[in-house]
Structures are given as C-alpha cells and as structure tokens.
Amino acid sequence: IKKSYRKLAIKHHPDKGGDPEKFKEISRAYEVLSDPEKRRIYDDHGEEGLENGGAGADPTDIFDLFFGGGRRASRQPSKKKGEDIVSAMKVTLEQMYSGATKRMAINKDVLCKQCNGVGGPADALTTCHDCDGHGVKVVTRQIGPMIQQTQSVCPACKGAGKSMDPSKRCKSCTGKGVVKERKILEIYIEKGAKNHHKVIFRGDADERPNEIPGDVIFILEQQEHAVFKRRGNDLFMTKKISLLESLCGFKFVLTHLDGRQLLIQSPPGTVTKPDAVQIIKGEGMPQQKNPFLKGDLFIVFEVEFPEHVSDADAKSLSQILPKPTEAVMVSEDDPHVEVHVAEPVDPDELRNRQQTQRSGEAYEEDDEDEHPGQQRVQCRQQ
C-alpha cells in the first residue's frame, strides 16, 4: 500500500503538475487503508461512516509524512490546547535585584496510567446514544412563529461523545481518565526581572484526553520597598539631612539591596539645597538578560531645619551667612510703622480652610443660578 501510494502521490501531486482532486482522492484512500480504526469503520459503514466520524487529514500532510516535509510526524498539532493556569507571585525588590529561586507546589490533573486516559478498557467505549457522539445536545423550541435552537454539553457523556458501562470504568480514576498529582515547580527569578514579568512552564497545566496541556504561568508582582522606588532600571530614594549637613557636607552609610554597605558623601565645599537630586552611577537595578549593566541610583534630599535658634546662635550665623539681599530701612519705633510677628501655620489646618472656602464659593454660584435677576415690569397706565 505504501509503495503504491508513493508512486501515485508523486505522479499526481499538484506541485508537479498533477490533478489536485486526484491527489486528494489518493491521499484519502491511503489515510483510510493505513489506519486500522478507519479501515474498520469503512468496512462496516462505508464512506458515510467515515464522514460522520470527523474530517480527514490534509492530503499534503500525508505527502509530507513520507517525503521529508516533517509537518505531520504525529497527530499532536491537530489537538486542542488546554487552558493555562495563571497565578500571581509576590517578590521583593531584593529578589529582583540579586535573583532568586522559589519553589511552588501545584495540584494538577494527569492522564491515568492504568487506563491511559481512556477511563476504562478501550473496547468498552461506545458512542453516546444521547448525543450520537457529538458531545452536545441541540434542543429545538417553537416560540410563536419563531423557532429557537439551543446547544448544551451532553450531560450523559459530559461532552466526550463516548460513554462506558459503569461496571467497566477504571478503578483508579473512576472513569474520568485523569487523576490528581502534586508537582513541585522551581521558579527562577532573573536578576533585574521586571514587574509583571511572566515565568512560563510549558505544558505543565492540567492534562486531558485528546488535548495538549496548557501552560503554568507565574506573573511576578513587585512589592513596595521601604527605602527604594524602582523606575525602569533606575532606583530612587529620599534622604533626610540636617541643616548643618546641608551647609557643611554630609556622609552616611546606605545598605543596598544585595547587602553591600555604600558610603555616600557630598563633594567638599558644596551646599545641598532642599529637594536637590544627586546621582550614584551604576548602583541602580541590573538589566534583565544583561545583569552586568546597571541603572543609576538617584537620591532626593530633604533638609530638616531647626525649630528654634537662640539669639547667640543667630548672631554667630549672621557673621557667617550671606547678608539679606533687601535691607530694612525703617525702625520699629517709627509711629507710622505697624509691627507684625509672623506665626507658623499648621498645613492641615490651611488645607481644610482652603477647601471650606472653595465649597462656599461653589454654593454661592449655585445660589445665583437658581435666582436670576427678575425683569422689572412697569404698571400699565389707565
């Protein structure tokens, strides 16, 4: 059979000028004759039985199988892929910086080894009588002049299209064809892995008969860090320093994400202003896939001012610090001068006050819209 098929397939292949319909007919015949199950159906029920059994293979697939195309080494590609299992995994910024490995246990369905996923003896499977092997039931109802058709999964075979005598079901899987299995997965977190990066385990999801298993996907969720904030491959942090450190220079030790101690200091003679941003090059996050290259570390400085300054300290500071740019030319004793002392304001109190004022202004505008000016109408003279 194989030898005859090879000879006829070469002769009638469309790429070699042959008749496409003749090539399909030859390929279809070989598909039936080379498959014992299809040959049995053909012998018992003829061509009609084969048509009801489902669509045949692509004839060019059969040709490639024998002439090196490699497109159809098995029937796997024709199977439907099962659902993926997606799970979020919280990871620390330290783990994303240095890399880490986590172990996760999953409970998945695997094909029963006792019955090879059939649910019982293969010869015990019969076509479901409730759905005629289609796996679905169609219900037709007439509503007035309209006819409605609804389709649902067959409850007898649960969509399989096949049924089995309960007494012949596999004892290991109770006829389901699958059993539960616990598997440990090792999730490798790369150095510099991004937030929402996916770690994929191909084909490790639930197994089902006549299905390609789906994937197990872990989505990395980066947790907030107490010191650092990540923006791409750069790191940002806020550092509070005193007024003395702002004017005379600062020096502090920073513990990095990998545990290293970094001594951070300002250049001699520089003044660090409030909200100033300084950079430590090469101390950001490593690049994913290229961890030897790193982003930068940016430090935002907050200057803490003293609550009070004594008169003696004020005089000492006035001798050191620059003089005011605008000189005061009036005297407190001048009767034409009003003296006021500025007082500190609570920021929350100021915010509430401004919000109250805005609410009041909005209310006044609404009130004006509801009572527009009325037109004066003069009395009519008699």
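Quick reminder: no glycine exception, Cβ is built from N, Cα and C everywhere.
Remember, TrEMBL labels are computer predictions, not curated facts.
Computed over the domain 'J' (1-46), the whole-number mean pLDDT of the model equals 68. Residues or ranges marked as domain 'J' in TrEMBL: 1-46.
The compositional bias 'Basic residues' annotation in TrEMBL covers 1-14.
The region 'Disordered' annotation in TrEMBL covers 1-22 (among others).
According to TrEMBL, the feature domain 'CR-type' maps to 99-182.
Sequence annotations record features per position, and here TrEMBL assigns zinc finger to 99-182.
As annotated by TrEMBL, region 'Disordered' applies to 341-382 (among others).
According to TrEMBL, the compositional bias 'Basic and acidic residues' annotation covers 341-352. Sorting each residue of the compositional bias 'Basic and acidic residues' (341-352) by its DSSP state yields 6 helix, 0 strand, 6 coil.
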- Item | Chain residues in Cβ proximity to the compositional bias 'Basic and acidic residues' (341-352) (below 8 Å; excluding those fewer than six residues from its ends, i.e. six or more beyond) | none
- The DSSP breakdown of the zinc finger (99-182) into helix, strand and coil residues is 6 helix, 37 strand, 41 coil
